[in-house]
Structures are given as C-alpha cells and as structure tokens.
Amino acid sequence: MVTNKKEDEALSTTSAVTGLPQKRFYRQRAHSNPIADHSFDYPARPEDVDWRSLYPSINDEQQVEFADIGCGYGGFLVTLGEMYPKKLSIGMEIRVKVSDYVVDRIAALRLKNSETAAYQNIACIRTNAMKYLPNYFRKSQLEKMFFLYPDPHFKRAKHKWRIINQALLSEYAYVLRTGGLVYTMTDVEDLHKWIVSHMTQHPLYERLSDEATKADPITPKLYQSSEEGAKVVRNKGDHFLAIFRRI
C-alpha cells in the first residue's frame, strides 16, 4: 500500500505501542481567543471546499452531515466515525497543534485499518467556526452539531466570546436542517444555564425532553468519549447536558 504524505508525517510522532500520535508532541493552551485575527485558509463558499482531500473515499452523493465544533483532541470525533460509518463527520478546531494532532491521529487510524477502510468518514480542519461556518456548509446541510465542553469565558466582559450566543445561533440554524440536533455538554453549571437560556429563547430551537435525551444513542458517548469528558469523569466532576432540535 502507498501511504500519502500526511500519513508519513504522522508516523514520526506515533507511539510504537499503539501506532497513534502522542499528545506530548502537540501540547498547547487549553483555549484560544476566537476574536483574534488568526491566519486561516478558508473557502469563499461551500462549493469551493475540496472535500475529497479530506475524505478520500467520498462519493458524489455524500456530504458532511455531522460537525463537532471545537473537537479538541478528536476522541468524540473518532467515536462518531465508529458509530456512524456511513455518515461523514468533520471536526473543527481553532488551535494549531491540537488540530494537527487530530489530523495525524486520523491518518494513523486509517493506516492501521487500511484493509477495512475504517475512519475514512472522519476528518478535521483548523478553522474558526465562530466566523467561517457558512463558508463550509450549505443551508440545511447538517444533521447534527456538537458543542462539547466549550470555553466558558468566565469573565463577564468575555461572555460575548462564548460560542453559544444569539447571533451565532442563527448561523447554526442556517446550516442545520429542520429536525437537526444540537448537542451541548459542559462541566460548568453557569455556562449550561447560559446555553439553555439562549437556545430556548431563540425561535428556531426547542429542547429535547429528558426521555428523548436518554433515548438518543449518542447520549452515553457524550460523557467519556472526548478527552475533556473523560477528565471530568476522572475528577468526579459534574456533567450538564442539553440537546436541542432545530424547528
């Protein structure tokens, strides 16, 4: 089998035991300022996105339907790929080294599973979802969006930086199809209350009932699949979950 350049680069930082990249080569601050003028390459419109470079096995009828916003080190993204092998999932991460880690992690997983074509349905891009989401997705394209353990921006002056706010909720509604779901999880109760307040006040969302939330097959995976979620479990912290439907 011929490996591509990204797979070859990933091998230089991988563990000899697991065959996966090691986080110690990708350390970075826990959060990044989403308002700062980072340097990003981004498409002018969704039609300009080269999805085939991210999903080598994509066919002409397929499109990305799941988006993990602020995907961190990719633990939950990998879980999505395993749970929904016929769906394309994208992770969007603003931090350079962290997004590099996820890209290398996916390359290593694809290489390890080259005989089964597993993990061909997940990918990660470095971008600022608070600014460029409509550049990547068409109207009503997405079925599910995930906001797991977002930066709480504790200071009141920085609340405007929170990834859930009234203006951005309208953008999310634009790229979400009717009936699509927004999954939110945090270990900060104040942020959870903020999210619930803003989303229930927005006319295009309704919160799922407790019964519907528990019945969703993704719900159990939200607690420990991501690295941040697993850390909260280890520290015996609280999880605050809310799922909303696009109406």
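Cβ atoms are placed via backbone N, Cα and C, with glycine included.
The model shown is predicted, which means the values in this text are computed figures rather than measured ones.
Swiss-Prot lists Asp151 with the feature active site. The feature S-adenosyl-L-methionine binding site is assigned by Swiss-Prot to Gly70, Glu93, Ile94, Asn128, Ala129, Leu148, Ser226, Glu227, Glu228.
Shown here: features listed in Swiss-Prot, placed on the structure.
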residue: Gly70; record: S-adenosyl-L-methionine binding site; Cβ within 10 Å: 24
residue: Ile94; record: S-adenosyl-L-methionine binding site; Cβ within 10 Å: 22
residue: Ala129; record: S-adenosyl-L-methionine binding site; Cβ within 10 Å: 23
residue: Asp151; record: active site; Cβ within 10 Å: 19
residue: Ser226; record: S-adenosyl-L-methionine binding site; Cβ within 10 Å: 26
residue: Glu228; record: S-adenosyl-L-methionine binding site; Cβ within 10 Å: 20
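Across the structure, Ile94 (S-adenosyl-L-methionine binding site) and the residue listed as 'active site' are spaced 12 Å apart at their Cα atoms. Using CA atoms as reference points, the binding-site residues Gly70, Ala129, Ser226, Glu228 were checked against Asp151 (active site), and the closest is Gly70. Glu228 (S-adenosyl-L-methionine binding site) falls within a helix when secondary structure is assigned with DSSP. Of all residue pairs in the S-adenosyl-L-methionine-binding list (Gly70, Glu93, Ile94, Asn128, Ala129, Leu148, Ser226, Glu227, Glu228), the one with the greatest Cα separation is 20 Å apart.
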